[in-house]
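Let me begin by presenting the structure, written as structure tokens, before commenting on it.
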């Protein structure tokens with residue numbers, strides 16, 4: 001069963017660290033210039049772009065997103081600014097701007113609607129197909145991925161992207177299940193099988209035992225690390241002199257890449273030796289913000 005593209009009512013993503021993103025752009029010396037242009041590399045529901053377009057009346061933004069559901073929702077949210085927002089169907093790693101811009105913002109990782117819509121297959125809280133594709137046009141979903149990989153490669157993937165110490169045991173169980181029973185019925189069955197690899201006392205902790213494995217599969221399906229590396233290499237070329245790049249990451253693999261890029265890229269001046277984290281008030285209001293880390297750099 002597919003999600004109806006005409007219905008974006010389920011898309012209720014809360015953008016993270018919006019105040020901090022706004023403040024980061026004040027580092028740009030011409031932020032109040034009448035010809036201000038920027039790129040929202042992960043448009044999502046349009047929350048960050050909405051706040052920026054509302055604050056800067058002369059600002060024009062190009063909004064990128066590979067998820068068609070996000071683009072539909074964002075276009076509705078940003079309708080009052082339709083003359084100043086240009087929404088593109090693109091992964092940020094594949095985009096090449098025609099002209100340089102004043103800033104680029106990126107809010108990485110899975111968004112709330114992708115998690116909350118069971119038909120997208122990102123979560124085991126509600127049963128859904130083993131999908132996990134941010135772009136529904138990708139050929140390989142999570143189901144095809146676990147079928148295609150051998151046990152060793154699956155274990156390595158779960159360990160590399162999920163930092164899961166029981167990766168070998170989990171991979172062995174997944175491949176055994178597939179051999180004996182065929183495909184999993186959905187996300188809940190896979191999560192239940194993974195949980196069975198843990199000692200009983202570890203199965204009912206605050207963090208579900210399948211969480212790290214699901215993260216690893218999602219990262220692999222969407223090639224999140226590869227596309228981030230490509231983006232980080234390209235993005236300084238998108239900026240005008242003094243331009244700002246602000247990136248929010250949500251897990252250690254992403255944050256290490258962003259930190260290293262901002263520190264070692266000779267084209268950039270790193271403006272955040274330590275990442276900016278969400279306020280206590282925001283985390284209380286939006287629990288999913290708690291792992292967010294914002295890093296900022298400026299083109300020299």
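Using the three backbone atoms N, Cα and C, a Cβ is placed for every residue, glycine included.
Taken from Swiss-Prot, the feature S-adenosyl-L-methionine binding site applies to 46, 47, 48, 65, 92, 107, 114.
Every protein chain considered, the tally of other Cβ atoms within 10 Å of the Cβ of residue 114 (S-adenosyl-L-methionine binding site) stands at 23.
For the recorded site, residue 46 (S-adenosyl-L-methionine binding site), the DSSP three-state label reads coil. Listed binding-site residues: 46, 47, 48, 65, 107. The one with the lowest count of other Cβ atoms within 10 Å of its Cβ is 47. According to DSSP, residue 92 (S-adenosyl-L-methionine binding site) sits in a coil region rather than a helix or strand.
Pairwise Cα distances among 46, 47, 48, 65, 92, 107, 114, which the record gives as the binders of S-adenosyl-L-methionine, peak at 18 Å. Within 10 Å of the C-beta of residue 92 (S-adenosyl-L-methionine binding site) we count 24 further C-beta atoms, all protein chains included.
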